[in-house]
Amino acid sequence: MTTLIKGGQVVSPAGAVEADVLVDGERIAAVAAPGALTGDETIDATGKYVLPGGIDAHTHMEMPFGGTHSVDTFETGTVAAAWGGTTTIIDFAVQAKGTSLLSTLDKWHSKADGNCAVDYGFHMIVSDVNDASLKEMRACVDAGVGSFKMFMAYPGVFYSTDGEILRGMQQAREIGATIMMHAENGIAIDELAAQAYAAGRVDPVEHGRTRPPELEAEATSRAIRLAAVTGAPLYIVHLSASQALAAVAEARDDGQNVFAETCPQYLYLSIEDLAKPGFEGAKYVASPPLREKSHQADLWRGLRTNDLSVVSTDHCPFCFKDQKELGRGDFRAIPNGMPGVEHRMDLLHQGVVAGEISLGRWVETCSATPARMFGLYPRKGVIAAGSDADIVVYDPAATQTLSAETHHMNVDYSAYEGFELTGKVHTVLSRGRVVVSPSGFSGGAGHGKFLARALNQYLN
Ligand code: DUC
Ligand code: ZN
Ligand code: ZN
Ligand code: ZN
């Protein structure tokens, strides 16, 4: 059975061209001038964009954190992703101290396998650096997990010392893997947070005040220097602050293999949200924290200049009721994380509407670059013959209002409640199967397959 997606504008990093796309089974069979192809069935994309499916390279489904766990399962989270035009997620397997990387990977496979509505891969969080873990990194690469996250924050939990980071990076260099870094100085932050609490400053906004941009910048610079010493490729996750971006830009200008992502929350929300009255600010507690609005223009510029190459969500949803509330009276106990997997494509489309980024850059940061960065190209991230038929038909003229009432994420609030957006997903295909259309969701848990990924395809 073939399906012709007809009359739309096919968008790639190079821009938009009018073309028809023929899907045969799970793959794209052909892309050709309008009218040149025929199919058994037709999807009318007139007046719409035809995009490669979104790739969200940073999600946390069912993630254990602070005695609870993020509330989207691999099923609910990938269904929400599909609704928003994301057809691939890369989630994080989380090594607990005292456990092995390979048993961790098995554990995450057992959570995800058979439950995902779209395709998925894993990164590995290394939180116990020792000879055995370092050795196992190579087996992870062989198992399709060639990217390893380390933490300069969260002492006692995920944190690694500089020496441990150095060892992780040496091994990454050796095996061609990329180190993903949570770059915040957690030792200094925990001290500031303890001081705030002792002084009776306990509200959610203190989460932001005790994690200042300087401590993100310092850690980012330190990670970059450690990467330079070891030769490891480095990818800074969830970059939020102008000063950290400056450090990344400098390293890139020097030709170092340093990359960075930002997230929609840093482009659209700010510390003013964290400072909302009562306990409302807890909805916006994530790390790094939301910043002053003045950082946003720099982040948009970084997206234009490619110093920020990827937009991911860091989707890590905790319900306001019962979960965020664990931190009433002590901001340090608020589970860190915000929901977002569903609306990344839409929120970044607002950047196109506002003239912050081009149409090509939207697709590049949300799909094409994450595909290459994480070894999925050309299977994913491009509309071309032979690629998986992960396709989004996007209506740039439709409007929508974001709300917890209508979203599909398994969480009781929206960080973007009431946001009025221009543009909306019309139809989504995941490996050739229509999973979202104007008549609703037609995908299913178990359709999504594990993606064994190659190494970073950008390394020089
Ligand atoms: N940051 C979050 O906000 N949540 C999960 C982990 C992280 O680094
Ligand atoms: Zn639960
Ligand atoms: Zn992180
Ligand atoms: Zn994260």
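The backbone N, Cα and C atoms fix where each Cβ goes, and this holds for glycine too.
What TrEMBL says about a protein is an automatic prediction, not a curated fact.
For 49-435, the entry in TrEMBL reads domain 'Amidohydrolase-related'.
Within 10 Å of the C-beta atom of LYS149 (N6-carboxylysine) sit 23 other C-beta atoms, taking all shown protein chains into account. Secondary structure at LYS149 (N6-carboxylysine), taken from DSSP and collapsed to helix, strand or coil, is strand. Under the heading N6-carboxylysine, TrEMBL lists LYS149.
The predicted model assigns the domain 'Amidohydrolase-related' (49-435) a mean pLDDT of 98.
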